[in-house]
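Peer 1: Feature table excerpt (TrEMBL):
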DOMAIN    51-177  domain 'B-box C-terminal'
COILED    52-93  coiled coil
REPEAT    210-311  repeat 'Filamin'
REGION    308-349  region 'Disordered'
COMPBIAS  312-323  compositional bias 'Low complexity'
REPEAT    359-402  repeat 'NHL'
REPEAT    406-449  repeat 'NHL'
REPEAT    450-491  repeat 'NHL'
REPEAT    495-538  repeat 'NHL'
REPEAT    542-585  repeat 'NHL'
REPEAT    586-629  repeat 'NHL'
Amino acid sequence: GFMNGSEATQVALRVSALYCLACENPVCVDCMNGEHAEHPTDSLENIVDQHLAALQDRVDSAKNRLPQIREAVQCLRDILQQLNSQRSSIEEDIHSSFSELHKTLDTRKSVLLMELEVTYGLKQKVLQAQLDTLLQEEAAINYNCSLTGEALDGGNKAVILQTHKDVGERLSDLASQGLPLQPEENDQLDLMMEIEGLRKSIHNLGTIVTTNAVASQTEASGEGLEQCVVGQPATVIITTRDKSGGLCKTGNAIISAEVCTPDGSVADGEIVDHKNGTYEFQYTVKKEGNFSLALRLYDQHIKGSPFQLKVTSSPDDSSPTTTAANSPGSRSRQKGVRRGGSLFSTPKKKVNPIEDDLIFRIGTKGRNKGEFTNLQGVAACSEGKILIADSNNQCVQIFSNTGEFHSRFGVRGRSPGQLQRPTGVAVHPNGDIIIADYDNKWVSIFSSEGKYKAKLGSGRLMGPKGVSVDQNGHVIVVDNKACTVFIFQPSGKLVTKFGSRGNGDRQFAGPHFAAVNNNNEIIITDFHNHSVKVFNADGEFLLKFGSNGEGNGQFNAPTGVAVDVNGNIIVADWGNSRIQVFDGSGSFLSYINTAADPLYGPQGLALTSDGHVVVADSGNHCFKVYRYLQ
């Protein structure tokens, strides 16, 4: 009968010591003379050894894949976990944004109902009073006429005389009394509600932003990949693609670019999102040599990254020892190029035509250096620097006291060392930079160079907005959501906390920023309570000042706060878009004149080391520096 392949092999192995290479089977001597006569053969020993070795190789190379698979699995788990935490955090944001909207709507509803009651009440009062007066007059006329009628009917002379004496005058009074007969009010009460536009806005409110881009398919192109000339901007175009290599058509992917010298320093660069799936990275290198350019999408290297760069001193010649580099011609040409590269020029200071206290303003809306999207906290340090928390660009930007851009740092994300929404910034006496991260719900500490060191308050804070440092080097954190002030040691140990939601002395409603005076007292702006409150270092209440309104010393939601050397308190008045100055006991002293170039929703405020006031003019996407006489 027929045997299957492995049975035939077993039999052949028992009786043969040859292997037919053509048929890939062991064969016996009989077959060698029969059907396999023309086929090449080899000794079975050799072939078995070869197959053994080949199998072993395949096992090894299969096993070699395991570490790569493990790494990929870990990477995917991390991405899934990050995705999941982004989802829950966005879910929370949506809930809180909409509950805020509900609150705003409810508040508006109560205000309208109150306005209705007041307006109705005033009109109703006027009409009712007029009605009552006329009814009284009617009753008086009827009463006096009937008295007189009785007297006349009786015909008694004495009674008539007496009545004339008593009632006559009253009757002529009533007859001539010019009481208003025309209505003194009207019945108009209407409601105007511009709902359509609002409904449209609500209909399109919020967007979930993402892309399908993956690093392994994303490509870079452009002359800036291989070569670049010292001091001249070079450009790389990054094209994002999805897992199957299809072009992504939308922007907003998270891309980072680093140009590194062998000794680790980094060149200047900007990434521009063209919002169509392509991005432009423009960078300038200050010296020649071999560099590497790392382009990452979602923290993964894109195709071909890191790229090796050769930076030379002249475009015409790739050999670095060219003399052209020292000729004046090439130097001025480089300057010309630099000036044209608007991404790298220091923002122009605007000169102020009308007189107010403004010295200069810096910034416009955008994502580049010297541009801001929703700037919040401001700090100044003794080294003559101004620090800005650029909350929607997830970074801190640093400028000199004269407004020159110095540096910026911050990578968007929800891991320690990354920033999700930096709202408050302060500088520790040791030079460290302290940042309140509203969305990550912690406070991060960076070195003065922007290197991440530690975080504090994680797990305790709900929405930290402002930070400050007291005279013991403790970090004061204003938790806007929890309506609580926390005081930490830089190590992260909690020293004390005070405050809860409400309108009592030791309570807050959405507090914003903090400052510390020479007596180590803590000054807090209490946004929705329209007041400023002062506490000692243990959190005991000392005083408060301010009420809701537009008058001197009144607030419509105070935000930024600072204290000068004399203990005077400078407060940004957000809703009234102005800056007020008070003495240490809360008496109003003056305004800073901001009339010529008005503020729009000012946020953080600080005193620079040269005695000027710097304020984040959030609605105008810039910061402004004002003269201030201490």
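The backbone N, Cα and C atoms fix where each Cβ goes, and this holds for glycine too.
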Peer 1: Can at least 3 Cβ pairs under 8 A be found between the repeat 'NHL' (450-491) and the repeat 'NHL' (359-402), with each pair 6 or more apart in sequence?
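Peer 2: Between the repeat 'NHL' (359-402) and the repeat 'NHL' (450-491), which are separate recorded stretches, there is contact, as judged by 3 or more close Cβ pairs.
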Peer 1: Provide the three-state DSSP residue tally for the repeat 'Filamin' (210-311): helix first, then strand, then coil.
Peer 2: 6 helix, 50 strand, 46 coil
Peer 1: Ranking 210-311, 406-449, 586-629 by Cβ pairs under 8 Å to the repeat 'NHL' (495-538), which is first?
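Peer 2: Per the Cβ count, the answer is 586-629.
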Peer 1: Across the repeat 'NHL' (586-629), what does the mean pLDDT come to, as a whole number?
Peer 2: 93
Peer 1: Could you pull out which residues elsewhere in the chain have a CB under 8 Å from any CB of the repeat 'NHL' (542-585), counting only those six or more residues past its ends?
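Peer 2: For the repeat 'NHL' (542-585), the nonlocal Cβ contacts are 377-378, 505, 512-519, 521, 523-528, 530-536, 591-592, 594, 598-607, 613, 615-616, 626, 628, 630.
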Peer 1: Please indicate, using numbers and ranges, the residues of the same chain that are 6 or more beyond the repeat 'NHL' (406-449) and have a C-beta under 8 Å from a C-beta there.
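Peer 2: Residues 82, 85-86, 89, 93, 254, 256, 369, 376-381, 383, 385, 387-400, 455-458, 461-469, 473, 475, 477-478, 480, 488, 490, 513, 604.
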